[in-house]
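Down below is the structure, laid out as structure tokens.
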Amino acid sequence: MRSPLAPGIRLLRAVSRDSWYRGLIIVMTFLAYTCYHMSRKPISIVKSQLHQNCSAVSGGPSNVSTNSTWCDWAPFENANYNELFGALDDSFLVSYAVGMFLSGIFGERLPLRYYLSCGMLLSGAFTALFGLGYYWNVHNIWFYIVAQILNGFAQTTGWPSVVSCVGNWFGKGKRGLIMGIWNSHTSVGNILGSLIAGAFVSKAWGLSFIVPGIIVAIMGIVCFFFIIEYPEDVGCSLPQHHEETNMEKDEESPPLPHSSSTEEIYHGSLRSRENSVNFSSSNELVLHEQPAAISFLGALRIPGVVEFSLCLLFAKLVSYTFLFWLPAYIVNVGHFNPQEAGDLSTLFDVGGILGGISAGLISDYFGGRATTCWVMLIIAAPVLFLYNQVGHDGISTTIGMLILCGALVNGPYALITTAVSADLIPDNQY
């Protein structure tokens, strides 16, 4: 007598092959960009270790009374340390901004899997390079600036790659909620980066960079082996990017001839990479060239691009200010040690996760992306001012205000960079 099929196997069989592959892509791109953001966070945690209040640090040298900066890391021991920290941030952000223009151009024209994998390997190397300054006993500011510039350029390979990959696999249905959840990789990466960097910052701050760098590089290797750029590469169905009537489906999209095996589908998809395939009523194979890559000026002409870009500019300004300076602010104002400040700063990103999911859900339900962004950003302005005034009156107040600020700032940020960006792309550009 045979037993019935195991429940776990029945569950596996109930999920379609397409769903398994789409799930793999969601998980892989989520982990990839989580690692990117994880490697950006350590600098904000380490700042408070590079320049400290040495009078409050025990275990100093015998001449501590005449050397008030004995615990600081040169060249950040002088009074201009904030300017030097600002130079490090600017080095990364300027190179990141410039690189994003170039990255989109190269990303459209190079194999996505190679582009993403190489970018992660380089990003991991340059992140670790900053931390190696601790072990190499480097005290020249230009070493750290160059490391930040190189890392900024390497980091630009991430976003265009993961968004393109997800766009290749998924259509437009209920995009706000799905991408709101998926876009939590930004906040998850920040949280992991804070916790990892905080674990090493007081002992050997170089490891705060080296460990995330190694993780990013390993993830790059994983992406090289498992990322699938297009559904047709593995014989999966293409996503529906726009709604069609039944008549349009019958007239414009006749089914492809049945292939005798999955292997034939697979190889056929590879041969048709550069062209889309359609069949006329006489069963003739007609090849159509894919749309050319859109230019920068062409993108600006798309309705809504300029408006949402300006909205994202200010949301990102606040978000990156918190990314790079929140732990140092908590140390100076709340009088916590660097590790505690790093742990508390993760609450801003917890709020970002909740805000991103909420913004996506609300915009899907009410159908207004712009209204959702507008309302959340308007409310965020007085809340940020309120946090500055009362945010450190107690630990419970600090926790509540950080979560609220994160939700209101990163909610619109997440919505614009995912669902809105994808909605703005014309259907014929997918």
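Think of each number as a place in line: the chain as shown, counted from 1.
Glycine residues also receive a Cβ, built from the backbone N, Cα and C atoms like all the rest.
In TrEMBL this protein carries:
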TRANSMEM  20-39  transmembrane segment
DOMAIN    25-430  domain 'Major facilitator superfamily (MFS) profile'
TRANSMEM  91-107  transmembrane segment
TRANSMEM  114-135  transmembrane segment
TRANSMEM  141-170  transmembrane segment
TRANSMEM  182-201  transmembrane segment
TRANSMEM  207-228  transmembrane segment
REGION    243-263  region 'Disordered'
TRANSMEM  305-326  transmembrane segment
TRANSMEM  370-387  transmembrane segment
TRANSMEM  399-425  transmembrane segment
Worksheet item: Based on Cβ pairs under 8 Å, which of the stretches 20-39, 114-135, 207-228, 370-387 lies most in contact with the transmembrane segment (182-201)?
Response: 20-39
Item to complete: Mind pulling out the one from 20-39, 141-170, 207-228, 370-387 with the most Cβ pairs under 8 angstroms to the transmembrane segment (114-135)?
Response: 207-228
Worksheet item: What parts of the chain pack near the transmembrane segment (91-107), using Cβ distances under 8 Å and only residues at least 6 beyond its ends?
Response: 40, 43, 115, 145-146, 148-153, 155-157, 159-161, 164, 293, 296, 320
Discussion item. Just to confirm my parser: what is the rounded mean pLDDT across the domain 'Major facilitator superfamily (MFS) profile' (25-430)?
Written reply: 82
